[in-house]
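Everything on this sheet refers to the single structure shown next.
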């Protein structure tokens with residue numbers, strides 16, 4: 001839901017007449033809108049009288065007619081379409097409580113006659129207003145009603161009236177004027193206490209939110225239709241742009257056609273086009289990937305599925321965390337491989353990513369960022385991902401010494417493929433998916449640091465100098481005023497991209513040092529393995545000492561973060577202390593061989609597709625560019641109470657299913673895009689940290705890291721003689737440098753014509 005500013009309200013209402021008719025409840029709603037425009041508006045004066053507020057500069061007026069029974073002559077004339085004034089843009093009618101208070105046994109019948117006039121007005125061929133609203137009968141705070149009101153205004157009578165409104169609204173056919181009965185106004189005060197002195201008239205905290213709902217209903221469709229599209233209520237999404245149409249054409253038409261042609265093995269057409277197409281496996285992966293993107297588009301850029309507002313609930317947050325932890329513990333299994341699997345082995349890092357991802361997902365789903373005690377540890381979880389990035393990539397580059405374009409492209413394509421496609425398919429901004437650009441930035445820094453003078457990487461002093469120089473370089477880029485701004489200005493000129501340097505500096509600065517801590521830990525791990533430190537006689541004593549210190553460090557961190565006044569204060573110190581709980585956790589998690597060799601299968605599963613869940617949540621679990629929740633149940637109004645939990649279960653199952661297949665297909669596409677030939681050969685598996693190789697903890701760079709063999713049956717098909725066009729294409733596509741440059745130029749062209 002959008003929170004409207006005065007200028008936005010004036011733009012929406014410009015040149016129009018906004019009319020409220022009814023009792024004191026409607027009068028409060030009238031003042032709720034007026035106070036959003038001008039918080040200092042004068043509300044004094046005779047209460048049981050008409051009021052009018054003119055806004056001459058914007059050319060609109062707000063009117064209130066005092067008519068608690070909706071039976072005055074001018075109200076009846078208005079509802080009959082006989083009002084001589086300008087037709088209202090918005091007309092709000094409401095009554096009921098005065099009928100109950102003063103009309104005794106005839107209250108319901110007289111009220112029904114009055115509201116029937118409003119329903120009849122909605123059925124008229126010529127609408128009396130562009131938007132017509134009939135306020136539900138307010139549910140009072142019965143505990144604060146005086147004895148006279150308590151005797152006449154009772155819950156059963158109010159429920160009967162509102163049920164009648166619901167029945168009539170359900171029967172109302174489509175009409176030129178949209179008639180809405182905003183029952184959400186009543187839901188906002190359900191269970192709210194001490195917000196009303198007399199039980200009838202609620203404080204501005206309630207009436208202002210009721211006014212916001214009215215404004216969202218009326219004005220959202222007039223807001224600019226570009227990213228971020230967080231205002232999903234009463235909003236018509238923009239038509240797709242040309243590059244979005246191309247993406248959907250490729251996904252829904254071109255790729256299926258390619259699969260069909262691939263099936264024509266013995267036909268002249270199939271043999272002719274065969275050499276121009278990727279393998280069936282690659283095309284299938286591309287189609288799977290594309291369907292996932294299309295699903296996200298329908299979730300977050302259409303009205304096919306409803307959206308709901310986030311509501312933070314500490315009980316729900318605690319329950320979901322406990323449920324996830326219990327499920328993780330229930331799936332604990334020891335490694336099938338013999339021996340010590342080593343410090344931060346592959347299963348362990350996948351598990352670590354998995355449970356962190358679940359916590360972050362719950363945090364986002366419930367909108368818990370406003371709670372400092374939850375926000376602070378979640379910031380550490382993001383830092384822990386970057387710690388793994390530094391640890392894993394340093395380990396790989398140090399042990400393998402592979403700085404080639406193939407390795408670089410493998411990681412960058414695997415990290416960015418889904419994000420870049422979503423950037424164009426959803427018409428968003430690359431930096432809005434902050435995790436991908438963050439990890440990509442730090443991978444480039446690690447690669448550059450390890451590449452420069454790589455023949456001397458085994459020299460500890462030289463490596464230390466490079467590490468310090470890299471820290472100074474990144475600190476200069478991030479903290480020095482104007483550096484990021486100038487870089488982004490150059491990007492805007494060259495690539496026509498518009499990035500926010502202030503926001504990006506904030507993101508980078510939060511985790512300024514943790515990647516280097518990860519690299520240092522990787523180096524220490526390597527050296528410990530080389531000197532066989534764990535075989536020393538004094539190792540048990542040293543290990544127990546560090547385990548004890550780590551336990552104290554974890555206790556200290558939680559005490560410290562909970563003692564901070566707020567998020568802002570914590571963010572200042574976060575870059576300097578985030579490594580403490582991360583390193584402490586890594587030590588505690590590896591305190592014994594049994595702990596190292598035991599992992600949660602559930603968390604490992606989530607960890608292996610953590611990149612896709614992190615990015616995919618933006619559009620197929622959360623919606624409105626993360627500001628709302630996806631509603632997959634119909635009707636959408638059912639999604640509260642138990643319905644909210646059922647919707648969570650169903651939407652989560654769909655989300656994890658799609659994210660898993662996105663992960664699988666992205667890996668296959670990465671292998672295709674980054675391979676040196678059409679036939680992919682098997683590479684060696686990554687081993688644990690004490691072996692000769694090391695998995696990159698962040699994610700597998702290609703599907704090859706997850707499988708032991710590939711199906712190359714298509715390689716034996718008799719290929720026709722290649723044309724000169726095919727030779728040229730192969731010469732470009734076969735060189736990874738030209739291929740990466742071609743992909744980059746392709747994106748630049750799209751940006752300049754977007």
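Numbering starts at 1 and runs along the chain as displayed.
In case you wondered, yes, glycine gets a Cβ from its N, Cα and C as well.
As the structure is a computational prediction, the values presented were derived from the model and not from experiment.
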| field | Feature transmembrane segment in TrEMBL, mapped to one of the ranges 190-208, 209-227, 380-398, 399-417 | value | 380-398
| note | Range annotated transmembrane segment in TrEMBL (choices 141-160, 161-180, 481-500, 541-560) is 541-560
| request: When you get a sec, could you say which of 242-261, 262-281, 682-701 is annotated transmembrane segment by TrEMBL? | output: 242-261
| Pick from 314-332, 333-351, 713-731, 732-750: which range has transmembrane segment per TrEMBL? | 314-332
| note | In the same chain, residues at least 6 away from the ends of the transmembrane segment (642-662) whose Cβ sits under 8 Å of its Cβ atoms read 288-289, 292, 295-296, 308, 365, 418, 605-606, 609, 612-613, 616-617, 620-621, 629-633
| request: Averaged across the domain 'Cas1p 10 TM acyl transferase' (228-678), what pLDDT does the model get? Just tell me the whole number, please. | output: 92
